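S.K.: The following block contains the structure, expressed as structure tokens.
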């Protein structure tokens, strides 16, 4: 790489870091925010999920906008808007203002984040591309862990008596620096200039919103009736979205989502795995089967619309030619499960440390440090082992990741508290090492062989799956934790320990599915 290449990559990695860092850092500062703003449980929950919802809403659209109007241009717009909304968050006078600001911050992150993926894809080739995606995977994984560790330190440092506000205000100098240096990024734009499918944008956004909100809010408030109504709305709107996209394609226009991506048997595997994971949690109630049926009908309609849209010579919202690439298809499933394990582990382990063991946010953040060390070490070494042993090295990393979850469960469940804290350190290092071995090369596996014309669309899809995977993981483990707490006589260490152990069983299953998918990918 040239000096300019390193500068461009540094700017892109910096932008990717802050968007993911802000996704996780609030978890550590949430108690401080609640006290300072006198927020209710409902408000403080919305502070956490508002960013995730806004982030998930426009990721696919953000990717398409970059394809159509220029990825550097959208990057610059996104980083400026992200910086501005971070200032809104940092100076929020009330809880409701902070909720609104977090939602806007998530929307701006959705414009910015796909441009990071797409710009790396189009600015780097060959070995440089593999190295860049490896560093991106390391950066994003480290950002998630740093949100837990550095977040506690930033709040505890209380610089200028800003307390929790520092976690948002620190984005200002970072954003300004990234914007100033973004001029070195080569502009790239899809050769085929088409109009944006605005109806598809609205329908897909409503559908994703109606899906993510109940997944994120439902476990906290016991799945009230409006959560189920929103899920039903998501299905209805998605059906209309499918019909619209098919009609859009039939007019020769480019849809927001091109359904040629879904012409692959891996989608049927996805449709099977999702109910298998969710069904056992709720005892296979009737709504689970109804949602499966609805999902199939909606997906069929969506595919028909997009195919019809393409037949008219238009560019779809989701181009199904992407899914003819088996690497991309399997990669989508891998992203879903990998990010579901990461998000759910951070949440449940922090809950166990703070509520079960009485740790402060800073102490909890420090406990995550061994995982950070393991992640960084594996990220630095992953490219060497992949060069030497090929994709088999990643498969073995996934196996280590899976076994580490089992070791952590056994250790926490069977040994005294004092001993636990000593013995979990090497386990957390191994866990972070395995996670880094999977996450660091994952983006290269998924995106490196995608045609440049699909770069923005593919980046938006992957980023959306990251958010859905994270929401799915949190939803599943939250239900398991709440079930344990509701059936306990008292909220003691034993109660939270049992909740941690039972909820981590999901992570074991998801990690082994990751191992299986990587093994299949290695065989291909």
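Yeah, the Cβs are placed from backbone N, Cα and C, and that goes for glycine too.
Model, not experiment: these values are computed from the prediction.
The transmembrane segment annotation in TrEMBL covers 7-29, 41-62, 74-93, 99-120, 132-155, 167-186, 198-217, 262-278, 330-353, 365-386, 393-415, 500-518 (among others). The domain 'Major facilitator superfamily (MFS) profile' annotation in TrEMBL covers 8-522.
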S.K.: In the same chain, who gets a Cβ under 8 Å from the transmembrane segment (99-120) while lying at least 6 residues past its ends?
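M.R.: Result: 8-9, 12-13, 15-16, 19, 22, 26, 43, 46-47, 50-59, 61-63, 65-67, 71-72, 74-75, 77-79, 81-82, 84-86, 88-89, 92, 129, 132-133, 136, 185, 188, 443, 447, 455-456, 458-460, 462-463.
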S.K.: Quick test of the contact rule: Cβ under 8 Å, at least six residues beyond the ends. What residues does that give for the transmembrane segment (330-353)?
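M.R.: Same-chain contacts beyond the ends: 24, 27-28, 141, 144, 148, 266, 269-270, 273, 359, 363-364, 367-368, 401, 405, 412, 435, 438-439, 442, 445-447, 461-462, 465-474, 476-478, 481, 496-497, 499-500, 503-504, 506-507, 510-511, 513-514, 517-518, 520-521, 524.
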S.K.: In this predicted model, what is the average pLDDT of the domain 'Major facilitator superfamily (MFS) profile' (8-522)?
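M.R.: Averaged over the domain 'Major facilitator superfamily (MFS) profile' (8-522), per-residue pLDDT gives 74.
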S.K.: Are there three or more C-beta pairs under 8 angstroms joining the transmembrane segment (393-415) and the transmembrane segment (132-155), sequence spacing 6 or more?
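M.R.: Since fewer than 3 Cβ pairs under 8 Å link them, the transmembrane segment (132-155) and the transmembrane segment (393-415) do not come into contact.
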S.K.: At a C-beta cut-off of under 8 Å, are there same-chain residues at least 6 beyond the transmembrane segment (74-93) that contact it? List them, or none.
M.R.: 12, 15, 18-19, 22, 37, 62, 65-66, 101-102, 104-105, 107-109, 111-113, 115-116, 119, 162, 165-166, 168-169, 171-172, 174-176, 178-179, 182, 185
S.K.: Using a Cβ distance cut-off of under 8 Å, indicate which of 7-29, 41-62, 365-386, 393-415 has the most pairs with the transmembrane segment (167-186).
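M.R.: Highest pair count goes to 7-29.
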S.K.: Are there residues at least 6 beyond the ends of the transmembrane segment (7-29) whose Cβ is under 8 Å from a Cβ of it, and what are they?
M.R.: 1, 47-48, 51-52, 55, 75, 78-79, 82, 86, 102, 105, 109, 112-113, 115-116, 119-120, 123-124, 132, 135-136, 139-140, 142-144, 146-148, 150-152, 154-155, 164, 167-168, 171, 174-175, 177-178, 181-182, 184-186, 346-347, 350, 361, 364-365, 470
